[in-house]
């Protein structure tokens, strides 16, 4: 009897579009701040690329904060799928920043009172929590709002909701879901799905309104590795478009794994796991038209590396593409992939490359 794998579910994780306090920037936490006009357009752009890729959702989950659920509403409107109810849950709310909520992140009084190192620890260390707020705080709210949270506190409530509500909705047919939430709630899910250690969590950067796709086993709620580089820790892939490429660069510029995988997926138009000459030239051409000078620079240097390796442009796998991108960036001191240490030889149609 032939054994078959159960159908997987597509789950797209999405941080809301730009809010008015993202623009300042301010510790937003559980404060209910609206989207900017740019944030609404970012949500529309996310909807367009998902619609173009053929995504259809059975469920939409979002936080109880308007910047997240308005993002979800804009997406459903853009995808002409208003029949799906958007389920709001406080468990998907942003991390609660305690007494810091409502204060500008570069507030000189905060720096003077606590010091830059302590403020950085509160923002990035997994178990560090800001000072709790009290009932006289202008943004105090009754339970279930906490008085403060660490990243670990946030992750625990998000993962609990994931297993108690989201995962059961994916069974048994392998249904698909959109999760529209916040930087720290999406960060918590990515860390869980990619099995990252606490030390690795602060390095996860989540750009506004760039969809991140995971294949999920609906029985276990665990992520299924997609057919990408074995060098990769991540099982997800960022869904690129011309509109959100720059936001991904800004957030993930130092991470070759995330960036190269996303670019590869965007350029691989027939989803066969290799890039043909035509797909590469089309992708590079789109980069050359980008307003971001760093993207234009990388496209030129990547072209040089391709020609240097093999000017016949044979089909290129993700591993080969990632190595070529790293080589081009390092050789020309471009602001991409600077943190990668790839030390294995890759033997392939584009030659043997050791980084």
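Here the Cβ of each residue, glycine as well, is placed from N, Cα and C on the backbone.
Record features, source TrEMBL:
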- 16: active site, tele-phosphohistidine intermediate (ACT_SITE)
- 94: active site, proton donor/acceptor (ACT_SITE)
- 15-22, 67, 94-97, 105, 123-124: substrate binding site (BINDING)
- 255-290: domain 'EF-hand' (DOMAIN)
- 182: site 'Transition state stabilizer' (SITE)
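If you take the C-beta of residue 94 (active site, proton donor/acceptor) and look for same-chain residues 6 or more apart in sequence within under 8 angstroms, you find 28, 29, 30, 63, 65, 181, 182, 183, 184, 185. Candidates 67, 95, 97, 123 (binding-site residues) were compared with residue 16 (active site, tele-phosphohistidine intermediate); those inside 10 Å Cα-Cα are 67.
Mean pLDDT, taken over the domain 'EF-hand' (255-290), works out to 72 on the 0 to 100 scale. Every protein chain considered, the tally of other Cβ atoms within 10 Å of the Cβ of residue 123 (substrate binding site) stands at 17.
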